[in-house]
Ligand code: PEP
Ligand code: MG
């Protein structure tokens, strides 16, 4: 695509695949944030408090009204934002400063700043809520100042919405026939913009830092697979790409498996699940099995360890949903971003590098042994033979120790490759286990020394990082040499184009969220193994994710 089009003006992080072509539009401007203003007279303060409360209430009611008209995720985000407008802490902070003489607009600015600092400090998902809170502030200020509500215009012609970032109140009421794509300067893969775009099924790119250079009205082409935003492309070629993307979507909606390339080379497409309900939902897709059952997610709220019987009942539900098919159960990956009260024993300065995952077992084999007993009981009661793998394996000796415990229960042992050390010694690890599953989320975190929860470091933890893919290649080669299966179960496997690259690197299965199964299966089914291999070789010759995506797209198209 890149060679035939005029120029790529901007690049961002792609979050929802697809192509959109139309004029760029930008939301109407937000109120100016004036922080200096004379103090209120004593006599005016009570009325000012009332005016602030009334403005916040008006904003809350408007958002609730829109929530009532919306459905699904859109309704949920609007309700959550309405709750933010009614937040006692935020309103209380503003009321307190108004009572002290600060005018309502400045009080709203100060109260918001106070919470923004707090959210940013907490980081992760909380930090991504900063945009939502600032949106509430702007709406309340507009209300107080008698200005029109800030937000997204409703265009006559189908347009691509460009923005700094989008708050739920902007995105939740969007009409996908009028707003055909989204691009934002800020935001991450879990921001509301991405959630709503996924729900609307429109292509979306976030963190497009140079987007400001695109003015309203300019025709743009966005590619939600590569992250490219191209200003004023050749119109004929742009329309062809849009049509191709429509055909791709149709192919996805009719994909029924099995996972294989266009020339019939099998590549299993499996689902990641977290409990029985998730497994049953995944069973309604064309997933060929379960590639990752994250058992720790069943027990996040638990104060005490679930009994063997309790665990066995949960695992049996998952096995029953995929009776007769491959199911890979991962033993507890407690710690770091998924702390379990009954498993994590102490505060650690750096939990991602601490006693997490299988490392807990090295201090006390009890929890692991009881979990393996439960898995064995579930396997017996459902007459199935699950594969069982450990997270966070770092050495061949650890793999052996885990495999011995699994084999002692007649189960099939494997390990995850999430630590570069495990990828580098994959051949030795394979002497002890039957299969490997690469967790690209953690493998990227540890290879790039970048916290996977940090949206600021999203460029580094991008699974398209060639260094991460070089470790995947090495692991897959070790699997082929040993005649054992190597899958990928991190987010990388959910990206259809990257899935083709992974297949070309020699990976034998791809496991992703159930919602991504058809997209991945259809894409892999549309290309030959030779194309996948060419894409893989091209990607390994690049030095960054932008070049890697382009190399893969060029090799496959
Ligand atoms: C991974 O690290 O890629 C993985 C699949 O495990 P989790 O995301 O649960 O840490
Ligand atoms: Mg992991």
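Backbone N, Cα and C define each Cβ position, glycine as well.
Please treat TrEMBL annotations as automatic predictions, because they have not gone through curation.
The annotation in TrEMBL ties 294, 330, 441, 442 to phosphoenolpyruvate, and of the candidates under consideration, 280, 452, the one tied to the same site is 452. Per DSSP, the secondary structure of the domain 'Phosphotransferase system enzyme I N-terminal' (11-129) breaks down as 78 helix, 12 strand, 29 coil. Taking CA atoms as the reference points, residue 441 (phosphoenolpyruvate binding site) and residue 418 (Mg(2+) binding site) are 8 Å apart.
For the recorded positions given as 192, 294, 330, 452, the lowest number of other CB atoms within 10 Å of the residue's CB is seen at 294. Residues from the recorded positions list (192, 294, 418, 441, 442, 452) with a C-beta closer than 6 Å to any atom of ligand 2: 418, 441, 442. The two recorded residues, residue 192 (active site, tele-phosphohistidine intermediate) and residue 489 (active site, proton donor), have Cα atoms 24 Å apart. Taking the C-alpha positions, the distance from residue 294 (phosphoenolpyruvate binding site) to residue 418 (Mg(2+) binding site) comes to 14 Å. Proximity of the binding-site residues (294, 330, 418, 441, 452) to ligand 1: a Cβ under 6 Å from the molecule is found for 294, 418, 441.
The candidate set comprises the binding-site residues 418, 442. Of these, 418 has the most other Cβ atoms within 10 Å.
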